[in-house]
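Novice: As annotated in TrEMBL:
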REGION    1-20  region 'Disordered'
TRANSMEM  30-55  transmembrane segment
TRANSMEM  67-87  transmembrane segment
TRANSMEM  99-130  transmembrane segment
TRANSMEM  136-156  transmembrane segment
TRANSMEM  263-279  transmembrane segment
TRANSMEM  299-318  transmembrane segment
TRANSMEM  330-351  transmembrane segment
TRANSMEM  357-379  transmembrane segment
TRANSMEM  391-411  transmembrane segment
TRANSMEM  423-444  transmembrane segment
């Protein structure tokens with residue numbers, strides 16, 4: 001009997017070890033799939049500058065009007081974030097990612113048949129952008145930023161050279177379709193990711209309890225009345241749930257916007273809006289600018305690829321430096337924004353290829369501070385318990401900035417005939433955003449010092 005118990009115990013331990021190995025392998029598969037999705041999405045979003053030149057030549061529109069296509073695509077993951085979140089909660093990570101891949105693919109393919117900027121804004125900007133936003137949301141926990149730009153910028157240029165921009169979009173759409181097998185790996189992802197999800201389970205009481213017509217003909221009237229009452233009751237419940245849902249959404253929006261009453265968070269939000277308003281400047285306009293100086297689109301795409309390569313290094317560097325103390329983080333972020341702004345202002349001073357590549361590499365390195373540090377600074381200002389609401393609100397403002405920034409930058413070119421004013425304006429504004437972060441730090445320190453005596457009195461008492 002003892003031998004039998006030991007045998008059962010060893011079998012149980014063996015099964016447990018096997019389950020752990022399977023779970024560990026599944027985790028790595030999920031992480032790798034999310035990483036691949038990030039590379040694809042990052043490449044689609046930040047390589048727009050390469051195809052932007054083709055749109056200008058094809059449609060002969062202004063820089064401002066043409067820039068709306070890319071701005072809609074870039075801002076989609078942030079503006080459609082809440083919708084993507086609802087879809088994911090309703091149908092799960094796996095189905096939502098697959099659905100997003102299909103919608104994005106449909107947007108890219110539809111773009112190959114259009115013949116106007118307005119139609120491209122719909123197909124390439126809104127439809128493809130909305131599709132991309134769903135896989136982006138479900139894989140955003142894994143960093144692939146920079147690597148996608150490094151790969152896709154030269155790839156876009158090569159495909160355009162070989163097949164034209166319509167053929168390039170078809171192939172890139174096919175690459176985007178690879179998010180579907182990646183999303184298929186997200187099966188039972190809730191076992192590995194800690195998320196709160198609500199499932200609505202509806203049961204049909206008639207299915208097992210009501211006899212059929214042949215078994216009891218007299219029950220037909222009773223059954224009909226029961227169904228009628230049940231339908232009416234369900235309709236009332238659905239309307240009450242709809243009202244309750246709308247009320248909760250309204251309260252949630254008010255709660256998020258009420259955080260702007262905190263002067264420190266308000267200043268930081270304003271600085272973030274300014275940064276994202278000008279964030280896509282080098283990504284979207286570098287190739288067109290270099291093309292104006294007589295350089296090929298291929299050489300311009302290499303400069304964008306350098307931004308992606310240095311951005312990878314920047315994410316690692318600022319991720320490490322950002323783990324230091326709170327005071328250092330603020331000054332690091334503030335200083336990085338100021339250097340970033342000066343770097344952008346310096347771009348109009350150079351027309352040669354190598355200096356522009358160096359400045360692009362500096363931009364990619366320094367701009368990584370934005371995504372590596374700003375979330376931690378939010379925690380420093382508001383506390384960890386408010387990070388979810390605060391981050392959602394900031395994503396909304398980032399999306400608005402991404403949407404309106406590139407068309408405004410293009411408009412500055414249209415009225416002046418040069419990108420010089422565009423880059424000088426963008427760099428100056430980013431420097432100002434850095435100063436706003438410094439003011440945030442001063443206000444934050446003062447507010448903490450004001451509260452110190454009260455805390456000390458409480459401790460003494």
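Every residue gets a Cβ built from N, Cα and C, even glycine.
Please go over these features one by one and say how buried each is and what sits next to it.
Specialist: Residues 61, 66-67, 69-70, 73-74, 77, 97, 104, 117, 120, 128, 132, 135-136, 138-149, 151-153, 155-157, 160, 165, 168-169, 172, 175-176, 178-179, 182-183, 185-186, 189, 192, 280, 283-288, 291, 297, 300-301, 304, 307-308 of the same chain, all 6+ positions outside the transmembrane segment (30-55), place their C-beta atoms under 8 angstroms from a C-beta of that stretch.
Counting only same-chain residues 6+ beyond the ends of the transmembrane segment (263-279), those with a CB under 8 A from a CB of the stretch are 337, 344, 367, 370, 374, 377-378, 381-382, 390, 393-394, 397-398, 400-402, 404-405, 408-409, 425-427, 429-430, 432-434, 436-437, 439-440, 443-444, 447.
Remote same-chain partners of the transmembrane segment (357-379), defined as residues 6 or more beyond its termini with a Cβ less than 8 Å from a stretch Cβ, comprise 145-146, 265, 268, 272, 275, 279, 282, 286, 302-304, 306-311, 313-315, 317-319, 322, 329-330, 332-333, 336-337, 339-340, 343-344, 346-347, 350, 386-387, 390-391, 394.
Through the fold, the transmembrane segment (423-444) approaches residues 263-264, 267-268, 270-272, 274-275, 277-278, 281, 327, 330-331, 333-338, 340-348, 380-381, 409, 412 of its own chain, all at least 6 residues removed from its boundaries and within a Cβ separation under 8 Å.
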Novice: For the transmembrane segment (99-130), could you work out the same-chain residues 6 or more beyond its ends whose Cβ comes under 8 Å from its Cβ atoms?
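Specialist: Distal contacts: 44, 55, 59, 61, 65-66, 68-77, 80, 83-84, 87, 91, 136, 138, 166-167, 169-170, 172-174, 176-180, 183.
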